[in-house]
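This is the feature table in Swiss-Prot:
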type	residues	note
COMPBIAS	1049-1064	compositional bias 'Pro residues'
DOMAIN	761-987	domain 'PPM-type phosphatase'
REGION	1038-1077	region 'Disordered'
REPEAT	227-250	repeat 'LRR 3'
REPEAT	251-276	repeat 'LRR 4'
REPEAT	310-332	repeat 'LRR 6'
REPEAT	380-403	repeat 'LRR 9'
REPEAT	483-506	repeat 'LRR 12'
REPEAT	507-529	repeat 'LRR 13'
REPEAT	531-551	repeat 'LRR 14'
REPEAT	552-574	repeat 'LRR 15'
REPEAT	576-601	repeat 'LRR 16'
REPEAT	623-646	repeat 'LRR 17'
REPEAT	693-714	repeat 'LRR 20'
REPEAT	716-743	repeat 'LRR 21'
Amino acid sequence: MNNEQLQSTSSSPSTLLKPIEKKSRFLRLYSSDGQRSTRIECDEHTTCAQICQQFSCDVITLQIGNYHFRQLKSDTSPLAILQDFCRILTMSDENLETESTSKALEDILSYTDSPAFRHIFSFFLGRPRIRAKSTLNLDILSEEVVIRKGKLIHTWQNARAVFYNSNIRLQTKNNQDEALQIRNMKVDVHESKRGRALRLKDDDVCYLIIFQRPNILEAWLTRAQQVEKSNHVDASDEQLTLIPEQILNNEARVQILNLRRNSLISRPPTEKSMAPLGYIDDLYRVHSLQVIDLSANQILSFPIQLTLLSHLRQLNLSSNYISSVPSECSNMRRLQYLNLSNNQLDTLPDSISELQNLQSLDISFNQFSQIPPCLFHLTLEMWRLAGNNIEKIDRVGEMQIQKIDLRRNVLDTSFRLDIENITHLDLRDNSMISTVHLTNLRFLKVIHCERLQLSSLHLSGESLTHVYADHNLLDSLVVMPLPQNLQTLSLSFNHFRNLPDWISDCPNLTFLRANNNSLVALPERIFYSQSLRSIFAFINEIEHIPDFGEENCLETLILYKNKLSSLPKHFFSILPRLRQLNISSNFIELLPYFDGSSFCRLQILRCANNYLTENSVPVIVNMKHLKIIDLSHNRLNSFDDSALSSLELLEDLNLSSNRLTRLADCLALLPCLQVLRAHSNQLVHVPEFRASNQLHTIDVSSNNISLGTLQFKAPPNLRHFDVTCNSGDFDTENFPENAKMHSKMNTINISEGSQNLFGFQIGVSGSRGMKNKQCIRQVRVENTFGFIDGGSNSYMSSSICRFMTSYLKENVSMDIRSILLRCHCELGEEGERLGASVMIIRVHEKRLEIASTGTMSAAIARNQKLKMIINGRYEIDDDEYSRIREAHGFVDEENRINGVIGSSRQIGHFSTFPVVLPTHSYRNIQLNEQIEGLIVGNNMIWNMLSIDDLNSTFHNNRSPIVVAKKIQDQLQSYDYGGNSNILVLRRIKPQMTFNGFSTSSTKNQVTPDIAIPKIDEQLVLAVPALILPEYHPSPPVPPPIPAIRHRTPSPPPPPLPSSTPPPVSSEHEEINVRQSSTLSGGYTLSIDRFYSSSSTVSSRKQFNETRDLLSKSLKLSPPNTVTFNI
């Protein structure tokens, strides 16, 4: 094409064939090197041939995701392709064409001619010649030098040196020309009398080269050493459409060649053999090749010329579009490894059986309906047959095969196998299998049968070492004889009520997983095992742990969310190797006695959400190796002990949602303490932590701390100080000594009243967990919220966060679906290989809008129930798997798409289009009186917590901030150590109002009989489990009020305190509490007053006292949340 023409058109768009019927648009076209571009105007009738004619090029090439190139046919309309592409991007789960989706489509089409769109979708004029970030150096180096050949005196000559491929050509002034083959020579630096020189020598001769520009020496040395030392060429991810010349000329004698993830093709049938070299077929010229990786290119047929490479040992042709294998493949006699996975094969030639040296053949993720007959004649160790259409295995008899991978096939309901030598069998994700009988496979060691419909599993135990049968319908397991060699048994997510008793007799069992069943007990002798190291039996119905009287080797015991009421006596003494114990969400009131006299290795202790009191504190402080303690949601009145300071390794302490009135001063003496959580207690002050050098997070929100008078000395490395929902305003001037540190500390102080948005109160909680990176971020701009989950990539989430914040500020009323797509388009180069889950929520006065793609989920509270409205895609179901396969993707053993990606719905991952799409879910919810709120969070919240748990937490706590924090506490109490982020929106109920009466109104306008029913109607208490006692004249000073628990109603609070009896007067006051018949679980509180005209002053004083005392007894935060209109 004409470069001058391209440069001239880049300044102003040109018009190419005015539209006839359809609307014209601008297209951006790139030069073949990708360095320049121009815009043209065209319509759907404009063809590639017409564009080529105008720009004097032979072809238009399309690139998606800055990855594969595709040459377009001459009669193709580029604009039509672009519109179809954008239409796919704007698709929603509903696939409905609405006015909003049309607007989103129009918006993204208007963005397509932006240079930033290059990373997603681009057209090139001619055949692309992109210079990628290459390890294959194609630069030609040329320098004026002085050279000396050999060791003779006075032989220095002026010359010009040219370095290209693996050669250095020396051109002297007398027109002598000599080429040096670098790969056959040793390269180093030599200190000569004339200066530093590049020395090249072999067995016969030595060359010294001194550069006139001395600083050039290092560049030439590096380049020469790269050429010299390796016969391995890595040209992967180079955006190659042709193989570079320096590879094909075989000067390097390349043995290992990596051409993965390019756009290489075989020579088209119409291409003449005299055409330029560079096709896959031309690799036969490189006779030295032993290993070739051509995976993830655009090969349509098996390159038959490769069968001429007599030294070839390994050939990888996976993730191409090959539909047949030629019989000539039998010529590759030395071939040991052949990977043909993720192609379009349905048969293999019988001649493959002649490859007697073949050790590995991978034909997974093709279209085989039966096992190719040639496999029965090969001496392979493993059959890799995952992702095909195989229904059964017909062939029986003795065979050498030992391992078979049959994942994601269509195997029949009853599975049997008669190949006796099998040692490893993988049947995962065959959704029709209900029965597996393999008692005849006496050599079977490892079996994977997860995610089937298994109701019956029978195995031989003679050689069995590992059994994985999670996510099935099993209530029993038959293994005969006793599996003496069994090491791992995983049976989670089944229907077991009791585990087999023979488990206790397995002498080598080290790992047992049986969570998410219906277990009522563990095997009686399970703790007598001397080999068992880990037991995971959480989310069951276990009521007790069997007694055991001798020490064992157990290191991990996870039993959260069961029905335990106690632990065995001497539990900690006879488990000396226990390092992690989780008994959260049980009914335990007291930990068993432990005096510290015996050695205890326990490092992680999680006892959240039980009935523990301060009586268990002496037990805990005797465990000197503890690093994490979680005692949240218990009944602790204090956490103090004289030995508390001996927990020198403690890093994380959670005391939230207890009854604490103070924190022990000795907590500041713990040298390793990093995180302290004590929210939702009754604390009135924060102790001195100035000397805690490691402490970076303190959460004392939702307490009774008076922030206006708080004298807080901040530790030097404090980053987060959360004082939300306390009284007063926190003033950092109270600790001026730490002024230099304040710029690093994030003080969080959000009053609930300030977080009011169209009748919703807002609660937010987030944590990095045990990770150093924050990969989940949240954005709020006015009435719009954004959630970004970058998976394991913190840079991606922060990049999207910055863009979304700035974009929302400029386009606050833009449709949230269009915003989501703009985030997709703005990822740029990072979006080619990386992606993120994004959810956007917009709150209106009368409706809620939610748009989401990825793993974020949301549930709405309506009529005392929580219902999922957007469910993030955690697992790949059958329908989604079919779509992925149609898009030429595959799924690995861990259900990761193309071996990397966790979800097929994300923004980003441009290079995997159309396997991964930004397809979104959209909900438009009309607000009414039945809707109570919304919970939004990342996927692990919904994976680990049940909808019932979340519903209970939401409806048993009136503060959305407390709800968010308790959800986070519960998540961490279940051993989740990753990032979490939670948003809670809660509808505000009408304020409780006490209508008192001024003197004038009492005397002149209102009578008590009229006022009393009015008070009854307006005062509604939204705390269902709280019952106020009757008022008595002189009650004692009350003890701390217990925190409200979601498991059982809290005991009633003590009587309202009063320091002196009320004055005797003609006014009488009575507080009556009666259950409301109109509100579910609510109570109506009425204050009945009888006034006389002579007691105005005393009645006002009495009213003020009653108001303050009632607010304090109700634990309202801040105390003046209840308003009194006097």
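Using N, Cα and C of the backbone, Cβ positions are placed for all residues, glycine too.
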Checking distant contacts: for the repeat 'LRR 16' (576-601), what same-chain residues at least six beyond its ends satisfy Cβ-Cβ under 8 A?
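Residues packing against the repeat 'LRR 16' (576-601) from afar: 538, 551-570, 607-613, 615-616, 619-620, 622-625, 630, 970, 973-975.
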How many of the residues that make up the repeat 'LRR 15' (552-574) does DSSP mark as helix, as strand and as coil?
0 helix, 3 strand, 20 coil
So which residues does the repeat 'LRR 14' (531-551) touch in its own chain, when a touch means Cβ under 8 Å and the partner is 6 or more beyond its ends?
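Sequence-remote neighbours of the repeat 'LRR 14' (531-551) are 492, 506-525, 557-569, 571, 574-576, 582, 974.
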Go through the chain and flag residues at least 6 beyond the ends of the repeat 'LRR 13' (507-529) whose CB is under 8 A from any CB in it; none is fine as an answer.
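For the repeat 'LRR 13' (507-529), the nonlocal Cβ contacts are 465, 470, 484-501, 535-546, 548, 550, 552, 554, 558.
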Average the per-residue pLDDT over the repeat 'LRR 4' (251-276) and send me the rounded value.
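On average, pLDDT over the repeat 'LRR 4' (251-276) sits at 81.
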When the repeat 'LRR 16' (576-601) is classified with DSSP, how many of its residues are helical, how many are strand and how many are coil?
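Counts, helix then strand then coil: 0 helix, 3 strand, 23 coil.
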Tally of helix, strand and coil residues over the repeat 'LRR 14' (531-551) according to DSSP?
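Once the DSSP states are binned, the repeat 'LRR 14' (531-551) shows 0 helix, 3 strand, 18 coil.
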Please work out the helix, strand and coil residue numbers for the repeat 'LRR 3' (227-250) from the DSSP assignment.
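Helix/strand/coil tally for the repeat 'LRR 3' (227-250): 7 helix, 3 strand, 14 coil.
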